[in-house]
Amino acid sequence: MKILVVNCGSSSLKYQLIDMTSEEALAKGLVERIGIEGSILTQKVNGEKYIIEEPMKDHKKAIELVLQALVDKEHGVISDMSEIAAVGHRVVHGGEKYASSVLINDEVMKALEDCVKLAPLHNPPNIIGINACRELMPKTPMVAVFDTAFHQTLPDYAYMYPLPYELYEQNGIRKYGFHGTSHRYVSSVASEMMEKDLKDIKVITCHLGNGASLCAVKEGKSVETSMGFTPLAGLAMGTRCGDIDPAILLFMERELKMSPDEVDTVINKKSGVLGISGVSSDFRDIEGAAEEGNKRAKLALDVYHYTVRQTIGAYTAVLNGVDAIVFTAGLGENSAASREEILNGLEYLGIKIDAEKNKQRGKQIEISTEDSKVKVFVIPTDEELMIARDTKEITAK
């Protein structure tokens, strides 16, 4: 059984064709600059690149070219489109309606439209991608897999903001959380590595990329997470501010005479480690600058590591203890220095790190010592595989 996994952005599209017998990706691809000049599709099969450069006025044209690349006689991996058993779509926001992945039909599409106000940047391109696939592959079943779904198990006291209750009732203002597919995947892999049932362990998962969030997993369910109503909340990130005093936004508007759009740009695109360091939102650049003595770069890293460490401490309280901590995503998988700094100060939990193992980059490994009371893992995330598994399970019903 072969499943196509699609992740649509506003002007880009990522895809993988996964053979579910071996759970291996037969092809991986990226389409960039959809709807703008210089559109390009890059597909990788067994390390070989295949590139298509031609105008793509919209996502439908992009998906046409994806399908063309997959069946290409020389560079493709399937002989006919009928070999694609189903398509799994990443959808950022499922609101309160979806606590798990779902087979797409007209009713689901309407619900996704209703969620646009909750994710105005992300859901529209997700919807456009689904519609394009449905047009081009009308007989192929499609499944929506939501970033928010895993966190729908949060207890009400964890997701409710202390605002007038009507704002929740009438406008859906509450904590939703994101990166759910990643947190779900790495927590399940951690349980396999520990040879324990996920229901019997308490895990804190740290998805640390340009966007970053933590999740507390108890009995296999998300019970707390750091992102909120939007992916802006929680930790300091690459360009996002994370949790700050909300009155700062009023100060920016009233005293500094900034418009709501200007404030939005500052807190989403000019803050985080970029804002503090003035160097970059790329942690490799900031680490390099800090090593060369740039004080603001070092401060940016210190603030970042502190917010992650602080949140791990809080989630240990939420879980009443912790059995495993997992690092994943770009920084979590590749920066030994960041992992070390984050865990420095959590010795009271009985965490002991093996310095040699911690030097490993981007591979699945336990980095704690044998006598560490808390297991610490680095687990490369695989959201595409998780989407494919859900798609297989739902279309088999």
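Each Cβ is built from the backbone N, Cα and C atoms, and glycine gets one as well.
DSSP assigns Asp147 (active site, proton donor/acceptor) to coil in the three-state reduction, placing it in neither a helix nor a strand. In sequence order, Arg90, Val91, Val92, His93, Gly94, Phe178, His179, Gly180, Thr181 are the residues of the chain that are 6 or more apart from Asp147 (active site, proton donor/acceptor) and have a CB within less than 8 Å of its CB. If you look up Swiss-Prot, you'll see Asp147 marked as active site, proton donor/acceptor, on the strength of sequence analysis.
Under 8 Å, Cβ to Cβ, and six or more positions away along its own chain, Asn7 (Mg(2+) binding site) finds Leu13, Lys14, Tyr15, His89, Arg90, Gly129, Glu384. As annotated by Swiss-Prot, Mg(2+) binding site applies to Asn7, Glu383.
Taken residue by residue with DSSP, Leu331 (ATP binding site) is part of a helix. The Cβ of Leu331 (ATP binding site) has 26 neighbouring Cβ atoms from other residues within 10 Å, across all protein chains displayed. Taken from Swiss-Prot, the feature ATP binding site applies to Lys14, His207, Leu208, Gly209, Asn210, Gly211, Asp282, Phe283, Arg284, Gly330, Leu331, Gly332, Glu333, Asn334, supported by sequence analysis.
The substrate binding site annotation in Swiss-Prot covers Arg90.
The site 'Transition state stabilizer' annotation in Swiss-Prot covers His179 (among others) and is backed by sequence analysis. Other Cβ atoms within 10 Å of the Cβ of His179 (site 'Transition state stabilizer') number 28 in total over all chains.
As annotated by Swiss-Prot, site 'Transition state stabilizer' applies to Arg240 (among others), with the evidence given as sequence analysis. Under the three-state DSSP scheme, Arg240 (site 'Transition state stabilizer') falls in the coil class.
In this structure, of the binding-site residues Asp282, Glu333, Glu383, the smallest number of CB atoms within 10 A of the CB marks Asp282. With the fewest other C-beta atoms within 10 Å around its C-beta, Lys14 stands out among the recorded positions Lys14, Arg90, Arg240. Asp282 (ATP binding site) falls outside any helix or strand according to DSSP and counts as coil.
Leu208 (ATP binding site) has a Cβ environment of 25 other Cβ atoms inside 10 Å. Max Cα-Cα distance over the annotated ATP binders (Lys14, His207, Leu208, Gly209, Asn210, Gly211, Asp282, Phe283, Arg284, Gly330, Leu331, Gly332, Glu333, Asn334) is 24 Å. Asn7 (Mg(2+) binding site) falls within a strand when secondary structure is assigned with DSSP. Within the same chain, residues at least 6 positions away in sequence whose Cβ sits under 8 Å from that of Asn210 (ATP binding site) are Met237, Gly238, Thr239, Ser281, Gly330.
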